[in-house]
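Note sheet for the following structure.
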Amino acid sequence: MSCAGAAAAPRLWRLRPGARRSLSAYGRRTSVRFRSSGMTLDNISRAAVDRIIRVDHAGEYGANRIYAGQMAVLGRTSVGPVIQKMWDQEKDHLKKFNELMVTFRVRPTVLMPLWNVLGFALGAGTALLGKEGAMACTVAVEESIAHHYNNQIRTLMEEDPEKYEELLQLIKKFRDEELEHHDIGLDHDAELAPAYAVLKSIIQAGCRVAIYLSERL
């Protein structure tokens, strides 16, 4: 999972063939349900699915805590509604992974209490730097999550794209929404945050550690 250079900070949607910038984070939403999938407890690769669902659940939980911290500081400011809209989508992501945890009997990471505290602290701490700091955090985190989701998509495509079709569609949908949040952060002056390049690199290093640990613990 690489950290993109802050100087250029390209719009990540351009890296996706056929991506359409006009689909905003507040636009049309696609419902994904596990109704006709070939995925069952008997025919899936339990190790792969457990790992994917556990880490994604942890990531969406952490993202929710980050936005909660940002709203605690900036909720009454002009950027509050923007943050709230992104947070609402993250709540939907977390709800879906909560359902998948039950459906596929996946235990959560033992690090949930830690992500609870650190996520809120990261959100509130960067928000104390102002709108730009909060948006820099959003750009860093959402970029990391999008790269992580891309890695999972490659893994499932190599495993069995037909069997995991609906899980693939879900991850792709969430990946696209994270990229939209990334672009919203750039549109709201993330790059004007104090020491933007350093801040982004530190946050993304933390994301890589969190992903590594949540997959395994």
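Here the Cβ of each residue, glycine as well, is placed from N, Cα and C on the backbone.
Take the Fe cation 1 site that Swiss-Prot assigns to Glu60, Glu90, His93: the candidate from Glu162, Glu165, Glu166, Glu178 listed for it is Glu178. Same-site candidate for Fe cation 2 binding, as annotated by Swiss-Prot with Glu90, Glu178, His181, chosen from Glu142, Glu143: Glu142. Take the NADH site that Swiss-Prot assigns to Tyr212, Arg216: the candidate from Arg51, Arg65 listed for it is Arg51. A simple Cβ count within 10 Å picks out one of the binding-site residues Arg51, His93, His181, Arg216 as the most packed, and that one is His181. In sequence order, Glu90, His93, Leu94, Phe97, Phe174 make up the list of same-chain residues 6 or more apart from Glu60 (Fe cation 1 binding site) whose Cβ falls under 8 Å from its Cβ.
Distance from the CA of Glu178 (Fe cation 1 binding site) to the CA of Tyr212 (NADH binding site) is 19 Å.
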